[in-house]
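Here the structure comes first, spelled out in structure tokens, and everything after it is commentary.
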Amino acid sequence: MFKLFNQASRIFFGIALPCLIFLGGIFSLGNTALAADLAHGKAIFAGNCAACHNGGLNAINPSKTLKMADLEANGKNSVAAIVAQITNGNGAMPGFKGRISDSDMEDVAAYVLDQAEKGW
């Protein structure tokens, strides 16, 4: 019995525990990267979008805010849809293709969606 327990302990502490620690580290890095992307998105938003969209509003067209209900109503409730809007623009909103990088657009879109989910 003791020999079996000792062998199981070696397996657990030699293989399973290091794997669990490794996986925990990977998941914590993912959350840190996501937080950094949102922070970067917030900074890009402040410099390029807030003049018209401060607080998730729309100074030009008040019926098309960045609030979740309006994003859903206009089919803009995903990162991909928001990136397409930022890239190409539409109506009074200019496109930002070539003005900000694709990764910056993705960070802004993630930030906008996160804020919309939180109610701005």
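For all residues, glycine too, the Cβ spot is worked out from N, Cα and C.
These features come from Swiss-Prot:
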- CYS49, CYS52, HIS53, MET93: heme c binding site (BINDING)
- 1-35: signal peptide (SIGNAL)
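Annotated features taken from Swiss-Prot, shown on the structure.
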| residue | record | Cβ contacts under 8 Å, 6 or more apart |
| --- | --- | --- |
| CYS49 | heme c binding site | VAL108 |
| CYS52 | heme c binding site | ASN58, ALA59, ILE60, MET93 |
| HIS53 | heme c binding site | PHE45, ALA59, THR65, LEU66 |
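CYS52 (heme c binding site) falls within a helix when secondary structure is assigned with DSSP.
Among CYS49, CYS52, HIS53, MET93, the residues given in the record as binding heme c, the maximal Cα to Cα distance rounds to 11 Å. Those same-chain residues not listed among CYS49, CYS52, HIS53, MET93 yet with C-beta within 8 angstroms of the centroid of the heme c site C-beta atoms are ASN48, ALA50, ALA51, ASN58, ALA59, ILE60, LEU66. Other Cβ atoms within 10 Å of the Cβ of MET93 (heme c binding site), summed over all protein chains shown, number 17.
For the recorded site, MET93 (heme c binding site), the DSSP three-state label reads strand.
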